[in-house]
Amino acid sequence: MDDMESGNLGPYQDRPRTFPNMRTKPYSPLVFRLLMGMNSRVLFLILLFALGLLFYIGARASPIIVFVFSVCIISFLLSIYLTKCVLAKDEGPPEMVQISDAIRDGAEGFFRTQYGTISKMAVVLSLVILSIYLFRSTSPQQESSGVGRTASAYITAAAFILGAVCSGVAGYVGMWVSVRANVRVSSAARRSAREALQIAVRAGGFSALVVVGMAVLGVTILYATFYVFLGVGTPGSMKVTDLPLLLVGYGFGASFVALFAQLGGGIYTKAADVGADLVGKVEQGIPEDDPRNPAVIADLVGDNVGDCAARGADLFESIAAEIISAMILGGSMAQRCKIEDPSGFILFPLVVHSFDLIISSVGIFSIKGTRDSSSKSLVEDPMAILQKGYSITILLAVLTFGGSTRWLLYTEQAPSAWFNFALCGLVGIITAYLFVWITTYYTDYKYEPVRTLALSSSTGHGTNIIAGISLGLESTALPVLVISVSIVSSYWLGHTSGLVDESGTPTGGLFGTAVATMGMLSTAAYVLTMDMFGPIADNAGGIVEMSQQPESVREITDILDAVGNTTKATTKGFAIGSAALASFLLFSAYMDEVAAFAQQPFKQVDIAIPEVFIGGLLGSMLIFLFSAWACSAVGRTAQEVVNEVRRQFIERPGIMDYREKPDYSRCVAIVASASLREMIKPGALAIVSPMAVGVVFRILGSYTGQPLLGAKVVASMLMFATVSGILMALFLNTAGGAWDNAKKYIETGAFGGKGSDCHKAAVTGDTVGDPFKDTAGPSLHVLIKMLATITLVMAPIFL
């Protein structure tokens, strides 16, 4: 144990191994530097004043807002406690600290450059939005509310900027904690597997609570501020049911940043990973994360910028889009039904996610360290431990969701409607659980699909690829069936809730679907915790390998890494399911907004009209072209990495026997510059395409006497892109995760173990799956929601 604590166990510990800094000085965002430089008393007074102002505005808007503010602040305090718990752990021996510092420097340096580029593009786009809104037409509702064209333009542009800033901060938080937790998990793995698991979960929990709390707090602050300063509810001012439409810019800003963060980070991490695997594992036959591999630091940096930072921005955007779409639908339904106090229906999504913060915290704290510090092995499977925490969170979600519906959705017009909506929430919760289970079944090597995929590697590289593609294609069936049943059942429950409009027509169907979406995301903070656990465990394994720790320590981190691959895959499946439901809601909101501006009904999209059918084809084509460009970007960048790694092995033959040190920083520089360059084209395609299609067909419609043609074609494009994107994302994510865990299964000793021909074939499959599961796949469900929000924001220019 003494040797283990000091790290003096490997055969190369006497050889000094240093890992270069990627920057000359530590980096933190300007806001954090200003706050840290303030006097503590002044900072305390400023925070106290800000909190007082928040609660004052919230109290003037609604008591529900005060409740949401209180829960968010408590969740931030809990996240601070989790941070202290993680940072209080030791970092291990000096060689671990050196590797961790190199990873942190590389991640923070890339983050600064990437988000600098994204922020410039966001400023340009906000000016475009401002210009469009200043010269667009206004709807009758806006004219009657007193919110003129100029006010609407500045409100939407400001909401867009705020959404982009909050999404960027969410990404930074995800990266900040991961680069500090990885080395502590590595150090803990030398003592106890359960302790390593707990540290990784608590680090992920910190990020999850901050991301979800920021999403809820950002929307709540905007809503309360607009409510107070626009005098909502007073005579001659805006109705409270129209207020959620002013928040759409916030969702668009969050989607914009999340898309580029996911693209840039995904290209970075997978190009480095592919380059490191192809040359290191296949050509040189050295282990994964071996310190002799020049691309290994770039690979470990990529885990943080691609999986942690990008996923934080992604989940932030998912929650923000779902909250805003549900608030819009709740407000429109309450208006049609003439509900006396519609605030409950509008603010219901904020309360659901406030309870999400509470119950997910319980789930996170339910995962405790081992009582026996001398126990090296896990008494239980790590996935089983995480699933127990998830089961606790699910059970609490059912209880709190039912209570929330009775509190906020009870109305005298339909006394039993709240119970129907509670059942809609239960449908969403069950859908989330089924998505997690289905994805686990197709990506965990404890089950038959991945073991069959591993077996196919024994007959060569080609059969591995064929089996992986077929597994990914098959994996789309069950999730689509689950989504279909969820949408139909929740719509029917809402439709039969008893809520009717003035003509007696049932109106609760769409809101029932919105409630199901909220149910699905009611455990989002815990699911994000499981997702963040994955890259932290992966980094910990890399640090253990590079610092030459004993095999028993690497075995622990390998198990955690394999579980992390599964949890990452389940989170992506979860995100796709929520994207499908949220896009359905945003699509309905888009049709309502077009009808309001056009002052005529817009309830159907007829694909028998040639132009509308073409719009559908363009939407499907957009998904395939976007995926192709994302994957090819990884391929081109990986080629540069492969050539650099080969060059170093040829020119520095002493690398293989530890006589020479690889140039890690060269690979980091190559991947960083290439990923920033490559993310622009697919991102621009996603933003420009719907606007260009809408404007072109609007002009065509004006010549052919079809005033709604542009809006109809965009609706068709959005519909087909959503359907194609869901299927493509399911295929890419599941196939990539299965390939990765098939390789991990062989590395446990199955079918010849590490270094065998079977293992080399599995590595090939893994390299094919890398851009699938970590670049194109995750970017697609961001793209789906961004298409929905951008069409909603830009709807007036299509008319």
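Note that Cβ sites are derived from N, Cα and C of the backbone, with glycine treated the same way.
As recorded in TrEMBL, the features of this protein are as follows:
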- 42-58: transmembrane segment (TRANSMEM)
- 64-82: transmembrane segment (TRANSMEM)
- 155-179: transmembrane segment (TRANSMEM)
- 199-223: transmembrane segment (TRANSMEM)
- 243-261: transmembrane segment (TRANSMEM)
- 345-369: transmembrane segment (TRANSMEM)
- 389-409: transmembrane segment (TRANSMEM)
- 421-442: transmembrane segment (TRANSMEM)
- 509-528: transmembrane segment (TRANSMEM)
- 573-591: transmembrane segment (TRANSMEM)
- 612-635: transmembrane segment (TRANSMEM)
- 683-701: transmembrane segment (TRANSMEM)
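If you look at the transmembrane segment (421-442), the same-chain residues 6 or more away from its ends with a CB under 8 A from one of its CBs are 352, 383, 390, 394, 397-398, 401-402, 405-406, 409, 449-450, 471, 475, 478-479, 482-483, 486, 489-490, 493-494, 497, 508, 511-513, 515-523, 527, 566, 569-570, 572-574, 576-578, 581, 733-734, 737-738. Sequence-distant neighbours of the transmembrane segment (389-409) (same chain, 6+ residues past either end, Cβ-Cβ under 8 Å): 64, 201, 344-345, 347-348, 351-352, 355-356, 358-360, 362-364, 366-367, 417-419, 421-422, 425-426, 429, 432-433, 436, 515, 518-519, 522-523, 526-527, 530. Here the transmembrane segment (573-591) has long-range neighbours at 314-315, 318, 321-322, 325-326, 328-329, 332, 428, 431-432, 435-436, 438-439, 479, 482-483, 486-487, 510, 513-514, 516-517, 520-521, 524, 527, 602-603, 715, 718-719, 722, 725-726, 729-730, 733-734, 778, 781, 784-785, 787-789, 791-792, 795, meaning same-chain residues at least 6 beyond its ends whose C-beta is under 8 angstroms from one of its own. Most Cβ pairs under 8 A with the transmembrane segment (509-528) among the ranges 64-82, 155-179, 199-223, 243-261 are made by 199-223. Under the criterion of 3 or more C-beta pairs below 8 Å, with sequence separation of 6 or more, the transmembrane segment (199-223) and the transmembrane segment (64-82) qualify as touching.
Listed stretches 42-58, 155-179, 345-369, 683-701 were compared with the transmembrane segment (64-82); the greatest number of C-beta pairs under 8 angstroms is found for 345-369. Non-local neighbours of the transmembrane segment (155-179) in the same chain are 29, 83, 86, 100, 103-104, 107-108, 111, 115, 118-119, 122-123, 125-127, 129-130, 133, 147, 203-204, 206-207, 210-211, 214-215, 218, 222, 226, 246-258, 261, 303-305, 307-313, 315-317, 320, 532, 535-536, 539, 793; each lies 6+ residues outside the stretch with a CB under 8 Å from one of its CB atoms.
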